[in-house]
Amino acid sequence: MKAKLLVLLYAFVATDADTICIGYHANNSTDTVDTIFEKNVAVTHSVNLLEDRHNGKLCKLKGIAPLQLGKCNITGWLLGNPECDSLLPARSWSYIVETPNSENGACYPGDFIDYEELREQLSSVSSLERFEIFPKESSWPNHTFNGVTVSCSHRGKSSFYRNLLWLTKKGDSYPKLTNSYVNNKGKEVLVLWGVHHPSSSDEQQSLYSNGNAYVSVASSNYNRRFTPEIAARPKVKDQHGRMNYYWTLLEPGDTIIFEATGNLIAPWYAFALSRGFESGIITSNASMHECNTKCQTPQGSINSNLPFQNIHPVTIGECPKYVRSTKLRMVTGLRNIPSIQYRGLFGAIAGFIEGGWTGMIDGWYGYHHQNEQGSGYAADQKSTQNAINGITNKVNSVIEKMNTQFTAVGKEFNNLEKRMENLNKKVDDGFLDIWTYNAELLVLLENERTLDFHDLNVKNLYEKVKSQLKNNAKEIGNGCFEFYHKCDNECMESVRNGTYDYPKYSEESKLNREKIDGVKLESMGVYQILAIYSTVASSLVLLVSLGAISFWMCSNGSLQCRICI
């Protein structure tokens, strides 16, 4: 009975002690992040760095509408295909939109020379002025300028390009022509023209009365002489003949001279260009809506300040960098491991060793105390604020460094440049892989550092308490300390703010420590006596049992006993 009382007394003394635990915040967040060493680490807070949403719409870019080519493409718009008349008034735009299967390009069959380079030039143009470079009525007095073709029909009638003139003989002659234009627009001027290649000598004579015709075009930066290639060809768009289309950019103050004895498709209108670095050309089936954005992709517009996106590599405006990642999330909080909180006889709660506290909501790190006046949480505001400031600055720095927003347009290649296009794709893929790898590695490293940083802060807080309490309390192995003295709320606050008075509680702690140690020693002595008694009693019972069995077996003849003297 005495032993039982001593054990209960010891249990009461041990459990009734005042305690203080060091812990960290936990919540019901479902956020997870990856680190260098772990995947899907549950955390209390994190920020997403990867935009994966768009609205599926074409929008105005910073309030400026795009130029929608509709059923026309760049060729049809610039040459002036009669089916593209609605585009003639176009003056300015934020970007240009083509559809994947635009029908109306060059209505008369032929090749547009260096077309891909022209598209590249137009991708940086945000406005133009269409003007009459060679007035129709006065520029070609000795030639007929009303050439039309069924291939460029409009409303059921033969027609021709709105920006070019098909010059043919006047009467029976095609006298040599010479005409020039001086660029006085103060900006680059896009000049377009063509050369007709008949299918036979008879057609050549019929149109130009000159079997040895040529076309010459010259400026400071351009100088070419063309001769018609007369040959039989398969019929395309009801035509055996072909027209090749050419262009050049005329610098301010420069002069362009046209000279021909036949076959010239002369410029009628030209374009003075104004460049804008955020412009571009996209190919998209998305429809236009009344909306505004600062970043447009062929899939839809993006309104995001995040540094990365995985929606589309082609972007126009202030856009996040495209990467192939599916997840880029940076941790800003702590590991989220809510402890299994239970209330025992005295309402005990564990410290950081057994997980975080959902009950502490006003800080990242802090304390839980328990004494005669009750229990409660208190955040350590200083360490929490320092951590928040450090992590916020780090996240902002990462976003600022990686958030170089820009336009990324596709490069143009013609059908004869497939090897170059394939090589370019491989190079672009290589750069994209590097960007993706760098972005993912950066996030993984920073996540690892942040979580280690939090672990260190909790450990420092624990060491701070330990260095104050010394032997006035004992570590009980779960992030908590058990006082050897009574510690009221004022005492607890002094531990938290670093002003704990160790000498004040030393004597009481010493007495209680000795008392607990004495109870432990006495209970150990009682346990030893009980153990010896139990062993002896068990042995006697065993011997008596063996004797009884032997006597029974001897009496019924199952066992014979012989005693030899």
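Glycine is no exception: its Cβ is also placed from the backbone N, Cα and C atoms.
Features of the protein shown, as given by Swiss-Prot:
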- 1-17: signal peptide (SIGNAL)
- 18-528: topological domain 'Extracellular' (TOPO_DOM)
- Asn27: N-linked glycosylation site (CARBOHYD)
- Asn28: N-linked glycosylation site (CARBOHYD)
- Cys59-Cys291: disulfide bond (DISULFID)
- Cys72-Cys84: disulfide bond (DISULFID)
- Asn73: N-linked glycosylation site (CARBOHYD)
- Cys107-Cys152: disulfide bond (DISULFID)
- Asn142: N-linked glycosylation site (CARBOHYD)
- Asn285: N-linked glycosylation site (CARBOHYD)
- Cys295-Cys319: disulfide bond (DISULFID)
- Cys487-Cys491: disulfide bond (DISULFID)
- Asn497: N-linked glycosylation site (CARBOHYD)
- 529-549: transmembrane segment (TRANSMEM)
- 550-565: topological domain 'Cytoplasmic' (TOPO_DOM)
- Cys554: S-palmitoyl cysteine (LIPID)
- Cys561: S-palmitoyl cysteine (LIPID)
- Cys564: S-palmitoyl cysteine (LIPID)
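A map of Swiss-Prot features onto the structure.
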| residue | record | contacts (Cβ under 8 Å, 6+ apart) |
| --- | --- | --- |
| Asn27 | N-linked glycosylation site | Thr44, Asn336, Pro338, Thr358, Ile361 |
| Cys59 | disulfide bond | Met288, His289, Cys291, Asn292, Thr293, Gln296, Ser301 |
| Cys72 | disulfide bond | Asn81, Glu83, Cys84, Leu87, Ser102, Glu103, Asn104, Gly105 |
| Cys152 | disulfide bond | Asn81, Pro82, Cys107, Tyr108, Ser158, Ser159, Phe160, Tyr161 |
| Asn285 | N-linked glycosylation site | Thr99, Pro100 |
| Cys491 | disulfide bond | Asn371, Tyr500, Tyr505 |
| Asn497 | N-linked glycosylation site | none |
Can you grab the distance from Asn142 (N-linked glycosylation site) over to Asn73 (N-linked glycosylation site)? Cα atoms, rounded to a whole Å.
34
So which one is it: of the glycosylation sites Asn28, Asn73, Asn142, which has the fewest other Cβ atoms within 10 Å?
Asn28
Relative to the Cα of Cys295 (disulfide bond), which of the recorded positions Asn28, Asn73, Cys487 has the closest Cα?
Asn73
Of the recorded positions listed as Asn28, Cys319, Cys487, the one whose CA lies nearest the CA of Asn73 (N-linked glycosylation site):
Cys319
Quick one: what's DSSP say for Asn28 (N-linked glycosylation site), helix, strand or coil?
coil
Just the number: how many Å between the Cα atoms of Asn28 (N-linked glycosylation site) and Cys487 (disulfide bond)?
33
To the nearest Å, how far is the Cα of Cys487 (disulfide bond) from the Cα of Cys319 (disulfide bond)?
59
Counting other Cβ atoms within 10 Å, pick out the least crowded of the disulfide-bonded residues Cys84, Cys291, Cys295, Cys319, Cys487.
Cys291
